[in-house]
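Asker: Got these off TrEMBL a minute ago, pasting:
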TRANSMEM  B:38-61  transmembrane segment
DOMAIN    B:101-307  domain 'ABC transmembrane type-1'
TRANSMEM  B:104-124  transmembrane segment
TRANSMEM  B:136-157  transmembrane segment
TRANSMEM  B:187-209  transmembrane segment
TRANSMEM  B:230-254  transmembrane segment
TRANSMEM  B:286-307  transmembrane segment
């Protein structure tokens, strides 16, 4: 694909990226607006950032969301990695069709269905075994793990199809047991994919509103739930400030993460190529 | 010669035993690798659906839980199973639900086409960029996807508002002299869905175009085809798998979308996700909400199966 872009494509790219970024940039600009009205520019001010710092409800919700996201992303990465390995390396096993169906379905499943079905499960479990009592952080985590592991599994599976199976087979031929092969060969090769899977699961969990609303109890309010209830009332300028903070933090993390991961996976690629060339 | 074969045989034998042992270990290991996520998914993905299905056949009552049991053991040990199809009958009778489903399908379909029209040239443009800029352009497509979905919808509320940026701009340019109502219309919902789901359309198409065998395009060029013909006859047909994947990734979740219509859409013209939400939280009718969910799933079964077939084929192609 190196024949170069036509003028049409260049113009379209510029328009496309403007469409993607203009709303975000506008929101950031208005976060420094002194006026309460969203559209009237009342001069530069950091007032909304100050108000944000003193909003205990927002801070509590943010802390809860971060906790849920950290735990959910970690468990989802473990389960999703196992699932991805099974799908990419185990060929045909009993129940594979059901397994691959269950693991990819959450990618497209509408949130309202996932949320409702999990809530009904938790209610039924509480009736039957007395757990979980009420709902809260743990039930949101279980729900988030379930839909995040699908994303991790897909990332891991596609990375495994790019990794040369010869490396694992060579280790097997040299007498390594499957467990050792996974520990010494497969997992290190998968590390960059696992990190990007974790990051994706983390942000998906932080972002989720619908499933968290269904699976949370009265005591657990996540950040998206707070934002949604504020936003429904209309434009509130402190949300602009909150959005700006979130977007800047996420951008810094994602860009640094991507640069580091690219470097790691490039180095690994070079190393494994060299190893293969020497054999 | 004879001793050689003998030794070879013995060696093979020994190797056979070792392989068997290793195989048994490997099998246990494999069971664990598949088993753990499998059990999790059975428990937290499949069982919840069976429960939704079960409750959709119950009747709403004021109790805890607020629905009738599906089966009951009588005092003499008889089992009575009461399957109520009343919820489903109700869904078919009341036009609110049918209109909700149709409205959702319409909005999802139009949004998918709009995403494709906007996204295909972007994916194509990225694939045709030099290697260095390609990664940067891709990162720029993915970046908004990492930042909060809810906040990006909120950003559009500031733009589409009656006194919002868009109306201010249109008035300043003299295009209109009265502010136009964008908020709480289908138009706003289309903008919201296209904006949020665009990366889901661009990425599969890009991956597909990038993997495409460039020699086919070059061959067509060498044979004298004009670029537009090459695009229509070679590139476009070859990128159909990417288009299908992207369209499904947009269409299926958009059909059940709740947040975007709740914030940008009109209350009088609800999508089915909103209907389900209201049935559950406002009317507290759990069985009816379950029936709405089951019907939504039935409507989406064909697209979801298509998506899964695509995923499977992708996995096999890679090998």
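For all residues, glycine too, the Cβ spot is worked out from N, Cα and C.
Mind mapping these onto the model and telling me what they sit next to?
Answerer: Within its own chain, the transmembrane segment (B:38-61) has Cβ neighbours under 8 Å at 67-70, 83-88, 284-288, 290-291, 293-294, 297, counting only residues six or more beyond its boundaries.
Within its own chain, the transmembrane segment (B:136-157) has Cβ neighbours under 8 Å at 122, 125-126, 129, 164, 183, 188, 191-192, 195-196, 198-199, 202-203, 206, 259-260, 263-264, counting only residues six or more beyond its boundaries.
Long-range contacts of the transmembrane segment (B:230-254) within the same chain, counting only residues at least 6 positions beyond its ends with a Cβ under 8 Å from a Cβ of the stretch, are 107-109, 111-112, 115-116, 119-120, 123-124, 193, 197, 200-209, 212, 216-217, 220-221, 300, 303-304, 306-307, 310, 314.
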Asker: Report, as numbers and ranges, which residues of the same chain sit near the transmembrane segment (B:286-307): CB under 8 Å and 6 or more residues beyond its ends.
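Answerer: For the transmembrane segment (B:286-307), the sequence-distant neighbours (Cβ-Cβ under 8 Å, at least 6 residues beyond its ends) are 49, 52-53, 55-60, 65-67, 84, 87-88, 90-91, 97, 101, 105, 244-245, 248-249, 251-252, 255-256, 272-273, 275-276, 279-280.
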